[in-house]
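A.B. asks: Got a structure here, written out as structure tokens. Questions coming.
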Amino acid sequence: MAGPSLRPHVHWAQRHRELYLRVELSDVQNPDIAITDNVLHFKAQGHGAKGDNIYEFQIEFLEPVEPKPICRVTQRQLNITVQKKESNWWERLTKQEKRPLFLAPDFDRWLDESDAEMELKEKEEEKINKVKIESRVPKDPFKHLKKGYLIMYNLVQFLGFSWIFVNMTVRLFILGKGNFLNKEIHLFSKMVSCLTDSFYDTFHTIADMMYFCQTLALMEIMNSLIGLVRSPLIPAVVQVFGRNFILFVVIGSLEEMQSKPVVFFIFYFWSITELFRYPYYMLSCIGIEWKPLTWLRYTTYIPLYPLGGLAEAVCVIQSIPIFSETGKFSLGLPNPLNVTIQFSFLLQIYLIALFLGVFVNFRHLYKQRKRHLGPKKRKMK
């Protein structure tokens, strides 16, 4: 049978609107807490100063309080919050002048009246300042329209690059399988042949969709310029104009380049990168962060950006002899200078700019990766 009920140690503190009671009981079970006729009744099974037992006490408050206390039980103690009916400072907790022996001030939360008034004043000032700041910020009547536009833009780009990626992958395996079924002696040469066949018409099959996606990507520069997104302008300009230069000028203007295997690798690396980038931004528009997608967004670029830059550089190098031979886009200055600026020479300069652009974007994404995936700073104890 349980022994006689005992009183636990209770510590108290107050604010103008609240009373805080901390009951020194651990492993509390079945707490029975109620306020009737302005008297707090407490009874619970727990481990206190006298070991495991039933502990109970009553407190008749000095002034009226709300009849519904808030109780929070932890493994080491039990906390009770009681709301005062009127916001004022009490000279003591109990109606009886002599403080009960089991009751003591909670010095961890204790404030005198002047400190409490200062705290209350600071909270009120903080609330007023928050209201003032919110009132100064004009409400954007086009907020939902902008969000809808960004969601649709990222969704369309995701679907476009997904189509490119799936189409190229399927064609690669289907064409490869078809060639491997023709069993002949030179297996290695057939392997090379099947890959060449699958690379040969990449541009003619994929170009229209890639033209559409990369033209639409110009909106990313506009979004950054008008402040629709918080992305920095320079990385967006470097990526969009760099890709469009390769697509429209180097590959699109030379039929000799359109059948080269390097086109397949350029399109493939571009599409894989965007498979994670656009869904990440689309979910960000509605305040959703999916951690696996965030990791993929800020990790896959580590191999893909250098590989994509290398493929673009190979494409430029392969196009230089063709531009030199055809004289396409070369600029002939009028007499008496009689000088021709070869476009192939400009491409050699562009190679330097290409690697600088890869470095700029890689550095930007590295900073973003540290911010999103880097270790959180620990607070000093």
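Glycine is no exception: its Cβ is also placed from the backbone N, Cα and C atoms.
So TrEMBL has the following annotated:
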- 5-94: domain 'CS' (DOMAIN)
- 149-174: transmembrane segment (TRANSMEM)
- 233-251: transmembrane segment (TRANSMEM)
- 263-283: transmembrane segment (TRANSMEM)
- 304-323: transmembrane segment (TRANSMEM)
- 343-362: transmembrane segment (TRANSMEM)
A.B. asks: Cβ pairs under 8 Å only, please: of the recorded stretches 263-283, 304-323, 343-362, which one is richest in them relative to the transmembrane segment (233-251)?
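C.D. replies: It is 343-362, which has the most Cβ pairs under 8 Å.
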A.B. asks: Do any residues, 6 or more residues outside the transmembrane segment (263-283), come within under 8 Å Cβ-to-Cβ of it, and if so which ones?
C.D. replies: 150-151, 154-155, 157-158, 161-162, 164-165, 168, 198-199, 202-203, 206, 210, 213, 243, 246, 251, 257, 289-290, 293-294, 296-297, 300-301, 304-305, 307-308, 311-312, 315
A.B. asks: Going along the chain, which residues at least six beyond the ends of the transmembrane segment (149-174) come within the CB cut-off of under 8 Å?
C.D. replies: 195, 198, 202, 205-206, 209-210, 212-213, 216-217, 219, 223, 228-229, 264, 267-268, 270-272, 274-275, 278-279, 281-282, 285-286
A.B. asks: So how many of the residues in the domain 'CS' (5-94) end up helix, strand or coil by DSSP?
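C.D. replies: Counts, helix then strand then coil: 0 helix, 57 strand, 33 coil.
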A.B. asks: Restricting to the domain 'CS' (5-94), report the mean pLDDT as a whole number.
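C.D. replies: When the pLDDT values over the domain 'CS' (5-94) are averaged, the result is 90.
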